[in-house]
Structures are given as structure tokens and as C-alpha cells.
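Swiss-Prot lists 184-191, 266-270, 330-333 with the feature GTP binding site, giving sequence analysis as the kind of evidence.
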Amino acid sequence: MKDSKKNGFFSWLSSKIKKKKTIDIRQNNTDKNHDINHEDLYTKKDLLIKQDNPKKDEIDTLNDHGKDIEKAQNTKNNFFLRLKKSLKTTKKNLGDKIYQIFLSKKIDEVLFEELEEKMLLADIGINTTNRIISNLIKDVNREDLKNSEKLYFLLKRKMFNILKKVEIPLEISSHSPFVILVVGVNGTGKTTTVAKLAEKYKLEGKSIMLAAADTFRAAGIEQLQTLGKLNNIPVIAQRSGSDPAAVIFDAVKSAKSKKIDVLIIDTAGRLHNKLHLIEELKKIVRVIKKIDISAPHEKLLIIDSCNGQNTIQQTEIFHKALNLTGIIITKLDGTAKGGVVFSLADQFQIPIRYIGIGEKMQDLGHFNSQEFIESIFT
């Protein structure tokens with residue numbers, strides 16, 4: 001760092017702290033999904049059985065409900081275990097290296113310089129990194145903190161808080177059709193993600209329709225049609241080279257007339273620096289609104305985590321054009337650049353709906369900030 005930065009950024013080193021406060025660094029589990037109370041469920045069942053004339057269907061309903069809760073919890077736990085395995089490279093590149101900084105070290109300028117370096121190398125980004133470190137320094141001054149281990153847990157809490165703000169699951173409303181517009185640059189796994197979403201929502205009992213608006217790529221149309229046939233999901237498509245807005249117009253009208261629950265629109269991958277292609281997305285939105293003024297109800301950007309800080313510029317341009325309502329981060333399995341998730345969350349505060357850790361449908365899961373932190377940090 002430059003001398004000017006040291007004098008200003010770390011001026012806390014020479015200041016005298018008059019008041020000491022105790023800092024509580026215990027981490028509260030904020031994930032309500034872990035708070036399922038099975039005891040309450042079986043207490044109701046026991047009370048019902050003790051009745052003089054219990055109804056068998058009522059007991060069966062409670063039994064089924066208990067099994068559903070257990071199945072949902074097992075699915076959640078399995079995804080968490082796979083997430084931890086998938087983020088091993090990011091953990092090694094970010095979590096482990098940061099942890100080493102705090103081992104048996106005093107809190108001084110050198111510690112913060114090393115922390116800054118590791119965070120930048122992990123693709124957390126300069127703005128987010130500086131904001132986190134600046135806030136840590138303020139806490140050190142305020143609390144007269146001397147213990148580096150406590151400072152480490154305080155860092156984890158700050159990084160958790162950044163992610164918690166964007167942990168907002170996508171809720172499909174009863175509006176028919178609920179239109180999801182999926183956008184992104186080439187190679188992010190957009191079409192594959194569309195298929196995963198379709199299969200996931202179908203398993204939830206919703207009727208699904210897909211629109212193959214990636215008309216620039218014949219293989220993309222064929223891929224979506226094949227995935228639709230495999231899952232018995234209708235796909236609205238036209239020949240390669242057709243106007244994508246025309247495909248989407250037909251799809252929205254068809255979904256509306258057939259009372260489809262969810263319509264997912266796969267658009268062509270487009271470079272964020274090709275302004276005419278970004279303008280085409282605006283045209284697509286206008287076409288959708290001609291049929292349903294409230295649609296699209298969700299505008300999802302697919303982000304490839306392997307692209308690191310390049311995703312920041314992509315998100316900025318797509319968000320400016322469409323006012324994005326959600327993000328899906330793909331290819332977290334094996335990437336060393338998982339730190340970009342913090343940068344995305346901090347700079348844009350757009351809800352992260354899902355994260356992808358593999359090719360299978362079950363490898364697309366709801367984003368959980370607590371699990372993400374636990375998967376990366378010791």
C-alpha cells in the first residue's frame with residue numbers, strides 16, 4: 001500500500017482508546033429452515049391417537065406431513081454437503097488463506113494489509129474489500145480489540161451479513177402465467193439452468209411451458225426441445241433465425257390461453273458490451289407487456305462464477321437495461337473465484353435466487369448465506 005494510504009487508512013494504530021466494550025462475536029443461526037420442530041408434530045399426533053374415536057385419515061395426514069418434513073430436511077442437508085464439497089477450491093483460495101492470517105497474530109497494519117491482499121486475490125473486489133476492512137478497523141477502535149481470533153469471527157459475521165441481505169428465495173405467485181425471463185452472456189449455462197428450473201417447478205406440481213427465444217443458435221433451440229420432451233414440458237419455438245420477440249409473443253399468448261402456471265423464457269446469450277443486443281432485450285420486455293402489463297414477473301440473470309470480476313460489469317449493464325429481480329450463480333463447483341459472490345451481493349443487492357454446483361437438477365439449490373459461509377470458512 002502507498003504511504004498516504006497507510007497514514008489515513010490505518011491511523012487508528014496511534015490513537016488511544018479510552019472506553020472498552022465487550023464484543024459479542026457469537027454467530028446466531030438465522031436459517032429458519034433448520035428450526036423444524038418435529039416434537040410439536042408428533043405431540044399433535046399422540047393427542048389425536050388418545051381420542052376415543054380418532055380418524056385414520058387424520059393420523060395418516062400427520063404421518064405424511066412428518067415424512068414430507070423429513071424428506072425436505074434430508075434434501076436440504078444433502079445439498080449443503082455437496083455445496084461444501086463443490087466449494088473446496090474457493091475455501092482453499094479464500095477461507096483457508098484468510099484463516100491463516102489470524103493465527104497467533106496481533107492486530108496491526110500488517111494483518112490488515114495481508115487480509116486485503118487475500119480478499120482481492122479471491123475476487124471479492126476492491127470496493128467490497130475496502131468497505132469490509134474499513135468497518136473492521138472501526139470496530140477495533142471502538143472495542144479496543146486485541147484478540148485476532150475474535151477479529152476473525154467478526155470478519156465472518158460481516159461477510160455473512162452481506163450475503164444475508166440477498167438471501168431471498170423466488171416465490172412463484174398464483175398469477176397465470178408467471179413469466180420468468182432468463183438472460184445472460186454466452187456460456188453461463190443459461191439453457192441448462194432453464195431446464196433445471198422447469199423440472200424443479202414441475203416437481204412442485206406446477207404446469208410449465210418453455211419458450212426457445214435463443215433463435216440465433218439452432219443447437220440451443222434443439223437442446224431446449226429435447227429437454228422439454230424428456231420432462232414432458234411443452235416448448236414454443238420457431239426456426240433458427242426467427243425474431244425472438246415473435247417467439248415470445250406466441251409463447252405468452254399460448255401460456256395464457258392454456259392457463260399455464262409458469263412460463264420460462266430462454267433468451268440468446270449476448271455479450272454485455274453489444275449494446276444493440278441489450279436493446280433487443282428491452283424490446284422483448286415491451287412485447288411481453290403488450291399481453292400482460294405485469295410481466296415479466298421475474299428477470300433472472302445467469303452468472304458464471306468462473307468469470308470472477310467480469311461478472312460485475314455484466315451485472316451492471318443487464319441491471320441498468322432490465323432492472324433485474326434475481327440472479328442465479330452457476331458453476332460454483334471447482335471454481336477458485338467464489339469470492340465474487342460477496343462482491344455481487346454487496347454492490348447490487350439483487351436477490352440471489354439459486355446457486356448451481358453441477359449438471360444435475362438437484363445441483364441447483366436455493367441460496368443460503370449461512371451454508372455458504374460455513375462451506376468456505378473454517
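Just so it is clear, glycine is given a Cβ too, placed from its N, Cα and C backbone atoms.
Shown on the structure are the features that Swiss-Prot records.
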residue	record	DSSP class
Gly184	GTP binding site	coil
Lys190	GTP binding site	helix
Thr267	GTP binding site	strand
Leu332	GTP binding site	coil
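Counting every protein chain shown, 26 other Cβ atoms lie within 10 Å of the Cβ of Gly184 (GTP binding site). With all protein chains in the displayed structure included, the most crowded Cβ environment within 10 Å among the binding-site residues Lys190, Arg270 is that of Lys190. In sequence order, Leu83, Ser86, Leu87, Thr90, Ser305, Gly338, Ile355, Gly356, Ile357 are the residues of the chain that are 6 or more apart from Leu332 (GTP binding site) and have a CB within less than 8 Å of its CB. For the binding-site residues shown (Gly187, Thr267), fewest C-beta neighbours within 10 angstroms: Gly187.
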